[in-house]
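K.L.:
Heads up, here are the entries from TrEMBL:
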type     : residues : note
DOMAIN   : 1-67     : domain 'HMA'
DOMAIN   : 778-840  : domain 'HMA'
TRANSMEM : 99-118   : transmembrane segment
TRANSMEM : 124-146  : transmembrane segment
TRANSMEM : 167-187  : transmembrane segment
TRANSMEM : 193-216  : transmembrane segment
TRANSMEM : 353-376  : transmembrane segment
TRANSMEM : 388-412  : transmembrane segment
TRANSMEM : 700-722  : transmembrane segment
TRANSMEM : 728-746  : transmembrane segment
């Protein structure tokens, strides 16, 4: 059985390593993994040999808190729209209080012990040496009690033979305090009592070490809290309540009381509380927090919506289909949290070092003390006893297992959180680490490069026919058909406002097409076989038909009373951004290839449009696995698909990437999920992975170099040149070291997707040019706001038609422009905005 536990009280990598080692040795435990950043532990154990209570008891005996995690906390937080105060936030508050309280005693202590060096006056009773020491004792003792947690944790861990950072700090401060207390009793017996006290009392070092370490831990906790902010933002997206219609009445219910099948009323500005489908109303929703898509999406009856999307328009009614833990938001939160607490391969190696780090430091400190004591006793060097003790204490407090232990997990948590805000979900830390090394990307065509559903791409008109009439007539015929392509034509007619005409005497010829009488004419729509049946002459449209077929499109001939009036081309259209995504992969030195079940002709046509040279056509789902295996021999390979019929290939790939569609995330089969289904997010995932691993390397380099340089200096390596490190400076250095690692990792939260490179711009421009020269035109419908008269529409039409390879017709009443173009959306939007109007959406 695998179970998760919450663990509190861990302060460094040695803590987590000690817990992991001890629990891992328990009878019946197969595996234990502890996350310092996530403050949790995952244990795989045999229920017949041990149980959760025994595991918790073992952790508690080491001086830490533990409780079983039932896994419902995330769902409850997501449902309620709130997250309980995080462990890092609570710890930060506690440490801040401890620091301020310690400072109240430390400041007067430092004045009394060091003020005289700068000519500051001392109280008259300090003329008695024992009083000088007694005041220090009285001011230092409260600091020890305030920070007693260090001693409790440190000595408990030492007794259990799993010493941690607290052991080092408490030992250093405790030795300083006890030695000074002993000296305090010797002072009255000496004639040079005052001088002896000044040279041999370490009270201020004990207080300073504890205060500085507490300060460092407070700042560290504050910084670590920031790494979880992206997850907290996601959790806050869910509303606390929902307005539902039950028994004909509207009522407000808590999110936990929402049921499948409820009709939810979502007003403007409200967050959608559940996954479901719109049953009434038309509006725009903002899904940026979930998918990373900045533009609002238009929705209407029948459209799927996800929890946490924000309604930016009219009131809509949504039938809840998934609630609570099953919503997209809950899945994303769980995935991000699990990824943040998982361990990257590089971290597992560091953990082995961290496990022996503290015992090694204790040994070095003892060796330092013994060696210098021998030199002091034999008078081999001119050194005072307090300097020997100072060196040993400095070794204890300057070493920093925290920097070592935080180097990887804090970067992983920051990167996975930032990825979530960009619509990129890493399943675990290993996926985050591996994505940087991708050399080959295999792209499934359907629903990855293309939309995954056929759309009308071209309408060629003949014999003076009008576009609207063609859609009305043949839409009327297709209204009686259940053929998959009929839906495309009806959808196009709806979008252009063409009302399907009344059709009579409908008939369908299998393998050829449909015909009926419309407005007294015998009209037919289908392939060339149907046209021959109707006696239609195809010579006028043959060239267009051949061109469209060569582009991999399905061509439908439309005839009225034996004369061809139009060609309607249907194809699975390219997703917006697919071309740019492929160009960006090439710019990063990554080899793209496309997999599809389509024939060679159609496959090559799509591949050419996006700039892919290597194509695997006529591929069956079971063939994809073998293609992945072959490509892995050429280097690290990523497989990108929809996670439905290519799960084996996704799992076999070094990095499996699933295209999310905002309603169902293929978490089980993929290492990375692109929530918005935009292929351009893949390049961001790779860049984020590279930035995260680079950040981890920087942190580890600093942690190792810091310890390798500072521990020898603390041990007296520079004594020959008169440098003996005071323990208080060692404590300050240790705190700064941890703070540096955490702060450096936080830079990942400011990660920004790269702007399009000149190379990519040139590649995209070249592809656009090729498409326009080849006559490939995509139809786009722009909804435009701000047009109020014929002068406005004429101005917009002129601006659009001025673009190369673009033909536009502006319809003032419908507030839209129908454009035949291969210009990217941003060019069209800029042209309209330059004319003084606003594009609300593009289809």
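Please read every residue number as a count from 1 along the shown chain.
Every residue, even glycine, has its Cβ placed from backbone N, Cα and C.
What you see is a predicted model, and the numbers here were worked out from it, not measured in a lab.
Walk me through the surroundings of each of these features.
P.N.:
Residue counts for the domain 'HMA' (778-840) under DSSP, split into helix (H, G, I), strand (E, B) and coil, are 22 helix, 22 strand, 19 coil.
Note on the transmembrane segment (99-118): residues 126, 132, 135-136, 139-140, 142-143, 146-147, 201, 203-204, 207-208, 210-211, 214-215, 218 of its chain, located 6 or more positions outside it, place their CB under 8 angstroms from a CB of the stretch.
Below 8 angstroms of C-beta separation, residues 346, 350, 361, 364, 368, 372, 381, 383, 391, 394-395, 398-400, 403-404, 407-408, 730, 733, 737, 740-741, 744 of the same chain, each at least six residues beyond the ends of the transmembrane segment (700-722), sit close to that stretch.
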K.L.:
Under DSSP, the domain 'HMA' (1-67) has how many residues in helix, strand and coil?
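P.N.:
When I sort the residues of the domain 'HMA' (1-67) into the three classes, I find 22 helix, 23 strand, 22 coil.
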K.L.:
Who are the long-range neighbours of the transmembrane segment (728-746) in its own chain, taking Cβ under 8 Å and residues 6 or more past its ends?
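P.N.:
169, 172, 204-205, 208-210, 212-213, 215-217, 219-220, 223-224, 226-227, 393-395, 397-400, 402-403, 406-407, 410-411, 413-414, 695, 698-699, 702-703, 706, 710, 714.
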